[in-house]
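Undergrad: Quick paste of what Swiss-Prot says about this protein:
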type	residues	note
COMPBIAS	157-171	compositional bias 'Basic residues'
COMPBIAS	342-352	compositional bias 'Basic and acidic residues'
COMPBIAS	354-365	compositional bias 'Low complexity'
CROSSLNK	LYS173	SUMO2 cross-link
CROSSLNK	LYS227	SUMO2 cross-link
MOD_RES	SER138	phosphoserine
MOD_RES	SER145	phosphoserine
MOD_RES	SER155	phosphoserine
MOD_RES	SER183	phosphoserine
MOD_RES	SER199	phosphoserine
MOTIF	13-16	motif 'Nuclear localization signal'
MOTIF	129-133	motif 'Nuclear localization signal'
Amino acid sequence: MSSSVEQKKGPTRQRKCGFCKSNRDKECGQLLISENQKVAAHHKCMLFSSALVSSHSDNESLGGFSIEDVQKEIKRGTKLMCSLCHCPGATIGCDVKTCHRTYHYHCALHDKAQIREKPSQGIYMVYCRKHKKTAHNSEADLEESFNEHELEPSSPKSKKKSRKGRPRKTNFKGLSEDTRSTSSHGTDEMESSSYRDRSPHRSSPSDTRPKCGFCHVGEEENEARGKLHIFNAKKAAAHYKCMLFSSGTVQLTTTSRAEFGDFDIKTVLQEIKRGKRMKCTLCSQPGATIGCEIKACVKTYHYHCGVQDKAKYIENMSRGIYKLYCKNHSGNDERDEEDEERESKSRGKVEIDQQQLTQQQLNGN
């Protein structure tokens, strides 16, 4: 899936999201802008919009969504008023079918709506504050399944109605017939879909193949991210590069190779678990266990997101060095290489001196 997304910078800093018409990046996620500068939208505003489905084509995309689909959803939103601020652009509806509440993403937060986000399962749902209690039981069921089987391919049993993103009805009160027609069209599209595939990391809702515990995609990305290694005993899977650059994984020596991509399986599982709390600097999704090598830097990435964000990867197999420097610190790698070279020479000299001293002691005895 090609990506034409670029970070907002320079003259584009004043651009506003086509949905919420704001610059609330802290609440709504990164503001993504198309290459032609004509479309801008917050990542969260797109992820939770009712009629947006992830794009799997090679055409231009915005945060994993088709530019054309984003434009259609923005246009649909011009006729949908927010239940909290009463402004247009409210394409995020309560997931209870009979509820007519619709929001902007930040308005849903301010109105204390319940946000359900499970990227590895492609689930992005909102329940208004009135229906929080209704959603509680299904949330508990989902959480249990997510904790136990996050890395396990979805089975037909797991695709119960309560775990799907359901189509939302919008508030048609006071809208023209044309508006009702447009809004209903968006709802009809959702009803024809068996699953709301919102995650740009997912390939297909019917795809039951193993997915990487870090980047949440499967073997289709092997060429760019390395072989997908599968550990059936723990229902775990991970791409080689995702493990190689992950901060906490331990690569085994040549004399003790494991069957899980030459990595200590325990450290891989620990990293996957840690990754659930680590959101990517670029895409805001969990699983970002690759951190910038500069200690003071807080940027973390998925392997492919680091590449996309022009971070610099240092890979020296002979010396076992695998590092990432974000684009702001990419100039520091040369200095680190020099320091490591000096340290390596110093260690080598100490070892030689120790060997000579030991030999002299043996000869003296």
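Note that Cβ sites are derived from N, Cα and C of the backbone, with glycine treated the same way.
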Undergrad: Note down the number of other Cβ atoms within 10 Å of the Cβ of LYS227 (SUMO2 cross-link), including every protein chain shown.
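TA: Step by step: centre on the Cβ of LYS227 (SUMO2 cross-link), count other Cβ atoms within 10 Å, giving 13.
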Undergrad: Count up the helix, strand and coil residues in the motif 'Nuclear localization signal' (129-133) according to DSSP, in that order.
TA: 5 helix, 0 strand, 0 coil
